[in-house]
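As given in Swiss-Prot:
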BINDING   H21, D32, A33, G34, G35, M36, N37, K90, Y123, T147, R167  1D-myo-inositol 3-phosphate binding site
BINDING   Q27, P28, G35, R241, K246, Q299, E321, E329  UDP-N-acetyl-alpha-D-glucosamine binding site
BINDING   Y308, R309, A311, T335  Mg(2+) binding site
Amino acid sequence: MRLATDQLGRPPQRVAVLSVHTSPLAQPGTGDAGGMNVYVLQSALHMARRGVEVEIFTRATTSADPPVVRVAPGVLVRNVVAGPFEGLDKYDLPTQLCAFTAGVLRAEATHEPGYYDIVHSHYWLSGQVGWLARDRWAVPLVHTAHTLAAVKNAALAEGDSPEPPLRAVGEQQVVDEADRLIVNTELEAEQLVSLHNADPSRIDVVHPGVDLDTFTPGDQAAARAALGLDPRETVVAFVGRIQPLKAPDILLRAAAKLPDVRVLVAGGPSGSGLAAPDNLVALADELGISERVTFLPPQSREDLVRVYRAADLVAVPSYSESFGLVAVEAQACGTPVVAAAVGGLPVAVRDGVTGALVDGHDVGDWAHTIDSLLSRGPATMRRAAVEHAATFSWAHTVDDLLASYGRAISDYRDRHPHADETLSRRTARRFSRRRGVRA
């Protein structure tokens with residue numbers, strides 16, 4: 001359940017956020033960029049508006065990445081050089097964690113000792129770095145997994161690659177070491193307990209948010225005109241990374257059974273989908289529906305609004321989804337959602353009220369559910385969709401994040417009453433080294 005605001009201990013003044021494998025500045029829908037990127041950036045921006053300074057550490061991926069990007073007052077992104085810019089994918093990054101950690105520690109050394117109040121790591125790779133930073137800086141570590149290897153491997157799409165064993169080992173270490181664990185839903189909390197023996201008292205449920213100022217209902221005809229779509233067509237959209245996990249092929253196969261439906265796909269290949277980036281286009285040809293499928297590249301937030309508004313339905317057929325930010329964004333635009341009944345999607349979508357949930361990935365079931373929603377008239381769900389999405393504001397998310405941070409700081413001080421003394425000794429050593437004398 002959500003944290004009450006009266007559970008908030010001393011709020012942090014400065015937060016170090018770790019996002020090793022993907023930059024919050026990357027375009028969602030490309031490479032490894034997705035909902036996590038949105039979460040990291042938007043939570044930082046909204047915390048900064050409350051006077052909390054946030055520094056986000058991520059791995060530089062091109063030589064053109066500046067060392068520091070000031071995104072907004074109170075929000076910095078530090079691009080840490082760790083390994084070659086080209087030729088590394090997410091599964092190679094464990095070999096670069098030492099280099100990344102060194103870059104983080106060097107950046108921290110430019111500040112006065114005790115600069116950060118807390119470390120928040122996102123994804124298990126960042127958790128490995130956060131574990132060391134926590135011990136070096138004598139501050140608590142809060143960790144958000146976003147996805148778990150065991151959960152993904154239990155629901156693999158056909159032809160998808162399983163997560164390697166080393167990831168499960170790394171995740172277990174971070175779960176054991178983190179001072180608090182933040183999850184998107186109650187189900188994810190249960191999975192941490194059952195799969196990783198996490199202490200339930202250290203877990204906080206914090207739902208991701210949606211930008212309710214950007215994602216709003218609007219004129220469908222205007223949105224379709226901007227995208228070159230026929231205003232008379234029935235449109236079902238898919239938004240996200242093109243990879244087996246996200247299952248866009250399920251939507252195409254279902255659409256092949258629905259001759260009056262146009263499919264709109266917005267996103268780029270990612271993960272194992274990079275091995276055959278044109279597979280989805282080839283599938284549309286094979287199914288004989290290529291004339292009814294429109295492919296768009298990954299969209300900016302402003303352009304994404306048009307996609308949601310243009311659609312009669314948005315489909316989220318993922319095999320695994322810790323929350324499903326696309327589903328909430330679509331509903332905020334007044335568009336009902338048909339989604340797989342997996343992970344956090346039953347929280348993001350109210351079955352029968354703001355859309356529909358489908359058990360499993362049988363193409364016939366998906367076609368039937370889409371047809372039923374379209375026959376019922378998606379417009380009847382629009383108001384409920386907007387009202388439901390309004391409960392997922394970033395303001396609510398940051399309320400709960402800061403409450404979790406406050407509790408982490410309070411608990412850490414209780415468990416480590418001499419943390420300030422430890423920090424003072426390290427401070428003395430640091431200044432002594434700078435002066436060239438022994439402490």
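Heads up, the Cβ atoms here are built off N, Cα and C, so glycines get one too.
DSSP classifies Y123 (1D-myo-inositol 3-phosphate binding site) as helix under the three-state reduction. Checking Cα-Cα distances from E329 (UDP-N-acetyl-alpha-D-glucosamine binding site) against the binding-site residues (H21, Y123, R167, T335) with a 10 Å cut-off leaves T335, in sequence order. When other Cβ atoms within 10 Å of the Cβ of R241 (UDP-N-acetyl-alpha-D-glucosamine binding site) are tallied across all protein chains shown, the result is 23. Remark: of the binding-site residues P28, G35, the most isolated position is G35 (fewest other Cβ atoms within 10 Å of its Cβ). Of the recorded residues, P28 (UDP-N-acetyl-alpha-D-glucosamine binding site) and Y123 (1D-myo-inositol 3-phosphate binding site) place their C-alpha atoms 16 Å from one another. Its own atom aside, the Cβ of Q299 (UDP-N-acetyl-alpha-D-glucosamine binding site) has 18 Cβ atoms within 10 angstroms in the protein chains shown.
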